[in-house]
Amino acid sequence: MEKVLALVLLLAFGSHFVSPQISEADDQMLNLLERCCDLGKYWQGRGLCDNYPKPIGGVPIANETVCMGSIRLCCVQKQQQIVQCSAGRQVAQRTNECAEIGNGESNEKKDCCNCCKLGLLAHNIGARCDTTSFDTMCDVSFRECCQTGKGTGSGVGSVTDTTRRNNGAENTNPGASSNIANNNNNNNNNNNGNLQPTNNCQINNPCEHRCVDTGQAVRCECYNGYELARDEISCTDINECRRYNPCAQGQECQNSLGSYRCIGLSGNIPLVPSTECTLGYQYNPQSGNCEDVNECVNGNSCPGGSICSNTIGSYQCTRERSCGTGYTLNGQTNMCEDIDECAKPETNNCGTVFECVNIPGSFRCKYKTCPVGYRLNGQTGNCDPVYCRTGMKADPVTGQCVDINECEAQGTCSVGQICENTFGSYRCRDKCTSGYEADANGICRDIDECARGTANCPPGQQCLNLPGSFQCQCGEGYEFNPTTRTCDDVDECTRYGTVCSLNSKCQNTPGSYECTCNTGFKRARNGRNCIDINECEESPGICPHSCINTWGSFQCTCREGFRLGTDGRTCVDIDECEEWADKGRLCIGLCQNTEGSYTCSCPAGYRMTPGGRICADIDECAEGSANCNGPNQLCINTRGSFKCNVIQCPQGFMRQGGQSSANSVRCQRVSFICAQGDVACQEAPLSYSYNFLSFPTKIRIPAELFTMRGPSSPYRRVAFELILDSARNPASGIQSVFRSHFKLDNTRPYEVVVSLDRPITEAQDIELTLNMKLYNQPDNTFLGVAVAKITIYATADQLT
């Protein structure tokens, strides 16, 4: 009877055996009910289990009734667990024993009582309260009894935060810094001498997220889901998954910036995170996150005269009246008065070379200065006189001996001279350079060597006076050589650069030069410029197809389908079929070269598409030309042809109707009831599926061919086995494919993918058998086998 029940359950999951025609509706329904149950557990915090709002996010309307039932059931169950856990904790806090809880009472009450006892024991011996990892309710009971050492009368999750507060003495919130920077100017003086508070966060805000002015300093806080880094300024994301493990059993925690989410192990239905938050936080069902509790609004333990400041996960108490650094509180006037640090040497650290200057709230050390002729003594702090040698004087700031610039005084040097200062002295030099002389007023005037007769130019040359010099001139096209004192020819081409027009060359001549035109150019009518020669007009037929004149030359071009020969003039036909054979191919079919072009054609079994370049396979099965109309015949289209396959279900099996795929047939077992001791009946397959694939031999490797999936129940184990039944060339009968060509990949414990791992070199008809054996867990009882027959037609690529 147990064997028959197992077969019936297996039949219920029969739609999961073969992919890709298999539906996962059953697994999705189980995941949907688990998600709705989690929503009910979180909704119990509202106090009512019958008012969950519609529509339910992520749930189809057709499944809302089933989901609402799961929400109400799990909500009531969660409330009962919370009440029982609170009762068990109160027993432990009242009697420190759990013996009075009878066997007929709930497990939650017993477990929470025992966990509270452990927490009370940890509190008494001073142990840590955050090292447990039982379950959510037990952990909360342990931490509450460990932290308080007494009862609170609250339910699960109502844990007091008073043990984490110390009236502002220390900030234990991981998302805040108590004092990152003191500010001596956090109070300003008004005209009456009273101190007016200043928002230091507006003056200096070093924080990455939030800045809080405490009155004495500024403190950085982080947003929910972040904590302060070691620099107490920047914020880093809290990995809730690693630190708290907030998700329920059977859920996977995924961290995100500032938050996290819980996902079912099936991977397709996100789940909301746990509602049981850490101390200082409470769950918000609208956002699905644990949010900070504002203790300053909901109640705190700050003493009188203190101000409560909320922090992330905690709060802090500060004095209501604070003077800050550099001020003292006057007990009689209740006013803040400035401390004069300069009045006592022990309250400042200026030293001997600095002068102490008191300022409101602080002091400054001003470097001492000495009068002219004195120097500050670094050891005594006194101004000692400075004695300097001739040409030097004492610096009024540093007291060091520095050079005197005598040239700044008038009349240091005579007229026509320039004063040059040196270290400790000066010197005078002549003001005029060579070829000039000073007049009576000290102004430099040019010397006319030609007028004075001091030039001494050779006969036949003329003297030309220049500023500061002179020149003996030669005839046009020549220049004077002062070394040889002769007239040398001027190379105008070298000296003056471009003296000829464009497209010409310069050639020097004695006393002159001449210009010649470059190749491809000729002299213009004006005799000076060079113009381009149009070879295409002056030499007809120079190019066989077309000629293009260029600047100084010409270019032969060819019509489409031809390329220019190596001589730069003749045109050679391009074999496009061979040219593009390894560059993407011009024809997806047969390519034939023609003079200046090419044509595309198709082999048998293919037809040309409207573009005239691509051959498309003719689906004879879809068009009805295959003539596979016999009983139980299944038409399978292949590249350039088709196959007629006769599918007959084995005895005891019948063809399953309503299948969506045209390339597969499923035979379902007629009966799962076997006679006592009929082993052959019990071990017979649960189902047969006949699957057909067709692809060319040049398919890209690796290639996924077939997927088979079994039930995903934790009480079932699935084992897969792939067998090569036959492989042959349909023409020669030679086998070139073996079992090693195929690989089985277990993508999931209940799923396998058949992949082609090695290339197929020639056409092959391949038959494979994929067996999926099912076993019961944990006794490993054999439940049955599902058989998938896979026929592969690997056809030769005719479109080459």
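Glycine too: its Cβ is placed from the backbone N, Cα and C atoms.
Here is what TrEMBL says about this protein:
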type     : residues      : note
SIGNAL   : 1-20          : signal peptide
REGION   : 151-189       : region 'Disordered'
COMPBIAS : 165-178       : compositional bias 'Polar residues'
COMPBIAS : 179-189       : compositional bias 'Low complexity'
DOMAIN   : 197-232       : domain 'EGF-like'
DISULFID : Cys201-Cys211 : disulfide bond
DOMAIN   : 237-274       : domain 'EGF-like'
DOMAIN   : 446-488       : domain 'EGF-like'
DOMAIN   : 489-531       : domain 'EGF-like'
DOMAIN   : 532-572       : domain 'EGF-like'
Intrachain residues whose Cβ lies under 8 Å of the domain 'EGF-like' (489-531), provided they are six or more past its termini: 475-479, 551-553
Chain residues in Cβ proximity to the domain 'EGF-like' (532-572) (below 8 Å; excluding those fewer than six residues from its ends, i.e. six or more beyond): 503, 518-522, 595-597
Positions whose Cβ lies under 8 angstroms from the domain 'EGF-like' (446-488), at least six residues beyond its ends: 433-437, 510-512
Arithmetic mean of per-residue pLDDT over the domain 'EGF-like' (489-531): 87
Per-state residue totals over the domain 'EGF-like' (532-572) - DSSP helix, strand, coil: 4 helix, 16 strand, 21 coil
All-chain count of other Cβ atoms within 10 Å of Cys201 (disulfide bond): 17
DSSP-derived helix, strand and coil totals, residue by residue, for the domain 'EGF-like' (446-488): 4 helix, 18 strand, 21 coil
Residues in the domain 'EGF-like' (489-531) grouped by DSSP into helix, strand and remaining coil: 4 helix, 18 strand, 21 coil
Neighbour count (Cβ, 10 Å) for Cys211 (disulfide bond): 19
